[in-house]
Amino acid sequence: MPKPAVALDLLLLPTWLVPVEPAGVVFKDHGLGIRDGCIVFIGPRAEALKCDAAQVRELPGMLLSPGLINAHGHAAMTLFRGLADDLPLMTWLEQHIWPAEAKWVDEDFVRDGTNLAIAEQIKGGITCFSDMYFYPKIASTCVHDSGLRAQIAIPILDFPIPGAASADEAIRQGIELFGDLKHHPRIKVAFGPHAPYTVGDENLEKIRVIAEELDAAIHMHVHETAFEVQQAVDNTGERPMARLGRLGLLGPRFQAVHMTQISDEDQALLVESNCSVIHCPESNLKLASGFCPVERLWQAGVNVALGTDGAASNNDLDLLGETRTAALLAKAVAGSATALDAHRALRMATLNGARALGIDATVGSLEVGKAADLVAFDLSGLAQQPIYDPVSQLIYATGRDCVKHLWVGGKPLLEDGRLTRMDESKLIATAQAWGRRISGHNE
Ligand SMILES: CSC[C@H]1O[C@@H](n2cnc3c(O)ncnc32)[C@H](O)[C@@H]1O
Ligand SMILES: [Zn+2]
């Protein structure tokens, strides 16, 4: 008896298929089949063509990979892009960004800024992002409407913030949003204590208890600069990582963003507790914050994911570019050209991000059974020729302008470089109107 043909909604036939898992593999002339939003088939082209596909899409000259995962950012800060450049972290935050946020951030700002960030990220090959910003309920509505996947981290500080008069209020809102979105297929809610220098022990303990009860992730800026660590040691005699360990916050659900300062004791804590580190190399470079020792962490077994940080400290949400920066910087920091090779860099931008966000059973690699979160990069242009290793070409010689198509859960959000659900000219006009208002040029 001949086997019945596999039924597919969509069959994709790229020149190269990079599954990320197994590591280091490139399949040439293979097909990937999607049914009900999931990957149900991966195999040689000849086998793929035997499937019973409702739609077949040839992708000549294209590399199909898992969608990129931007594991740290502040989406609505796109509207502050370029507002305060070339400054160190604390001057940038205390003298420019926090006053601007106090003046401008409201629900409309977050809606417009988040939609702009979502569109930029889709066009850049990102299928999932982590957001940590004010009015998280608004951001989650934007994500829901867009079709993208996201982790929404509830911002918590010891002082009032836009949308929450106290840390207790922010935590209450977080619990409510967590409950509302518990069964959402694309959105996960996490808790986002801002940083060790803005959240005291009392609130950190509350967050630990609630995150434990809900099995929720904790997403936090940690050890971003040497100044942060030195100030904590001077004031308390304890490094922030040691403090977080003592308070019981560290564990596999803990996402430590930045980590440019890592002593042997800090590294041991990361390894023992199985935390993820989220590396934001361009923000760290631009604010002169320091260098995360990515290769050392990777060799020690720490899961290192990648983030852009907000557009006010980067100044773009280009995770492909960020991956290139990470790969180059890792070599300089390790003093070794073999550090973070192109294949591992792509893994960091995909599967490691999924693992950090606790969604690696669903996304992060091209495997049968996972959701069809995919990006197709066009490598047929002259700047990519000739092609010896398509992954090397993607990381070292390709820009986000080569992103052609993108799917989340099998749904197309980008077709031939065009957004399918968002109006690009409206997004640009809205951002420009905010720019005129913020810069005081609003006649
Ligand atoms: C509570 S999250 C939003 C809060 O964080 C600020 N922020 C943006 N980028 C950074 C960074 O790199 N380090 C510390 N804080 C940052 C943002 O402006 C909001 O106030
Ligand atoms: Zn940040």
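Cβ atoms are placed via backbone N, Cα and C, with glycine included.
Annotations in TrEMBL come from automatic prediction, not curation.
Residues or ranges marked as domain 'Amidohydrolase-related' in TrEMBL: 64-412.
Counting only same-chain residues six or more apart in sequence, the Cβ atoms lying under 8 angstroms from the Cβ of His74 (Zn(2+) binding site) belong to Asp131, Met132, Tyr133, Asp309, Gly310, Ala312. Classification of His74 (Zn(2+) binding site) by DSSP places it in coil, neither helical nor stranded. According to TrEMBL, the feature Zn(2+) binding site maps to His72, His74, His221, Asp309.
Feature annotation from TrEMBL assigns substrate binding site to Glu101, His194, Glu224, Asp309. Taken residue by residue with DSSP, His194 (substrate binding site) is part of neither helix nor strand, so it is coil. Sequence-distant contacts of His194 (substrate binding site), defined as residues of its own chain at least six apart whose C-beta falls under 8 angstroms from its C-beta, comprise Met132, Pro155, Ile156, Leu157, Met220, His221.
Comparing Cβ neighbour counts within 10 Å across the binding-site residues Glu101, Glu224, Asp309, the minimum falls on Glu101. Cα-Cα distance from His72 (Zn(2+) binding site) to Glu224 (substrate binding site): 13 Å (rounded to the nearest whole number). DSSP gives His221 (Zn(2+) binding site) a strand state. Reduced to three states, the DSSP call for Glu101 (substrate binding site) is helix. Taking the mean position of the Cβ atoms of His72, His74, His221, Asp309 as the Zn(2+) site, the remaining residues of that chain whose Cβ falls within 8 Å of it are Gly73, Met132, Val257, His258, Ile278, Cys280, Ser283, Gly307, Gly310, Ser313. A Cβ distance below 6 Å to any atom of ligand 2 is met, among the binding-site residues Glu101, His194, Glu224, Asp309, by Asp309.
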